[in-house]
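Asks: Just passing along the structure, written as structure tokens.
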């Protein structure tokens, strides 16, 4: 018998409930996190450059890891959005893609194996606004009104280095006024609890005041006064990407870093539940899956390529194709899969019974 003494990690008189957050933390870090970011905007607004700058990497590595915490990041690009002469229905493929991810998650959640569900739902959408547009265009308004109940929209003023500080402030007020006039719901940063630290309260206050975020993206490293910075070189000086007096880039990155979990929870508790309740209320067959959702990739391809319907994403970990077919065929396939699982379980039970009989 072992004579080693057992040391109680907790103080005497404590049951140990205080260790629950640590247990959840360890499991979460071991499992990793999943996050899907969609970038929408006209061509030439620097969407890919900003994403490269945000995550300190070129698009697209397999996973992003920081201090032992792994995030499986999926970036969904929308090439060709708003570039046609007639843009009446240019966002329909984007809506279809978001609905397809909700439907796929609903089907996986209703299946037999629910332990390893891959979450490809879109948790956040950076909507890039053209700085030369003097406010929101009709297409911007129409797009956000169609999607604000399906995804967390974060408005971004692209290429802020083309505007003066006064022009940026004026354009921000104009955009916010038009968003309010049209009843558009953008992602609301949650209010701080009264017991939060003052530094965090001030940080959230500044983030709220920065919406929409005026950003500049660049992966070029420059030498400014003997200091290495990422920025853009101009004849009159350097725009430093991570200088808060030059642009809101670090505030946008802070939003992702400090509110990524909240973005995921709002997607689960609000947007997905709305979709799920509508689907269950209809009680009918699942809507057909669009081919626009056929390429879901997790930060892996060198360049995100359009698939012909205005939606593409980048990944190595996943490369799944969704086929459009009759509902009967889909149900028949699911039935065959379930029957195969049942047969497998029956065979396993038979082997276990045979082993028990052999022992007797």
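Including glycine, each Cβ sits where the backbone N, Cα and C put it.
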Asks: Select from 225-280, 281-336 the stretch of residues annotated by TrEMBL as region 'Disordered'.
Replies: 281-336
Asks: Quick one: mean pLDDT on the domain 'Septin-type G' (31-282)?
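Replies: In the predicted model, the domain 'Septin-type G' (31-282) has a mean pLDDT of 87.
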